[in-house]
């Protein structure tokens, strides 16, 4: 299963490159009003499909066992949806005086506003042997919370209700995100046994739909002659994203391992990944809705597209180190425990 999951992620990374390359070669196919009609097929059908798929695949019963760890959940959600975006905003005030493309900087802010992913944080926590139940709960709960909180954060940091159609954004989010999620959960109740037996490829379906969204987003970019992305800005943003992830992983590690934190080593593993990872599956559709028709939407999306593979790559590289730390810490706890 791990091999299949790794292969799926590798193919998805290749798919992103091919989607962007295809948009560059023939942008007229995926632009608004083009043959694919993305204003309907992507904005409504594709987004709704992703969230229906999420509702159908989400094992709600697995989350109940982790529900009692209130302190752990508060730490992760506050760090992810409050501390993270606020810190990025302060950091971007310094970067605003640099020659980095301003829309890429705005894209960095959107990364900070995103909820945790439902997959990568859980997979990496499981690979290390951390608190998987807590990772599942916080990834799922953060995703649900992000449906409301993320658009509010995006409007707070990047727009205002006077220039952004606040009411229409939330009505579209409700119809294309909330409703499909609820329907997916309801349908799951009736076909739960079949789903457990057949194990449909939920991840592959969501990935294919997401690649379509990415393709049409970049079709809009490459069909606009006024948009120019310089390589210098792109390389700087890549370096900044690596630095942000490493810094926040170290920060969450230091916070959660203090003597009075009350977190176990397994809890710390879940905290490190859930607090610092951001959802591409939820993020791209939300950006597509909140910034619908915006001429710089694809540039705003670029940092999130970079952040996603970087968090998986960096997390995978650090798995042996974090696992070694957790095992040694757990052995130390057992050795110091008094015998009866």
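Using N, Cα and C of the backbone, Cβ positions are placed for all residues, glycine too.
Curation plays no part in TrEMBL annotations; they are all automatic predictions.
According to TrEMBL, the features are:
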type: TRANSMEM; residues: 41-58; note: transmembrane segment
type: TRANSMEM; residues: 70-91; note: transmembrane segment
type: TRANSMEM; residues: 103-124; note: transmembrane segment
type: TRANSMEM; residues: 136-157; note: transmembrane segment
type: TRANSMEM; residues: 169-188; note: transmembrane segment
type: TRANSMEM; residues: 200-218; note: transmembrane segment
type: TRANSMEM; residues: 233-256; note: transmembrane segment
type: TRANSMEM; residues: 268-291; note: transmembrane segment
type: TRANSMEM; residues: 297-319; note: transmembrane segment
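Long-range Cβ contacts of the transmembrane segment (297-319) within its own chain (Cβ-Cβ under 8 Å, at least 6 residues beyond either end) map to 9, 13, 16, 101, 103-104, 106-108, 110-111, 114, 120, 124, 127-128, 214, 217-218, 220-221, 227, 229, 234, 237-238, 241-242, 245-246, 249, 273, 276-278, 280, 283-284, 287-288, 291. Where the transmembrane segment (200-218) meets the stretches 70-91, 103-124, 169-188, 233-256, 268-291, the count of C-beta pairs under 8 angstroms peaks at 268-291.
With a threshold of 8 Å between CB atoms, the same-chain residues lying at least 6 positions outside the transmembrane segment (268-291) that come near it are 42-43, 46-47, 50-51, 54, 72, 75-76, 79-80, 84, 110-112, 114-121, 124-125, 128-132, 134-135, 138-139, 142-143, 146-147, 150-151, 154-155, 159, 164, 169, 172-173, 176-177, 206, 210, 213-214, 217, 245, 248-249, 252-253, 255-257, 297, 300-301, 304-305, 307-308, 311, 315, 322, 326.
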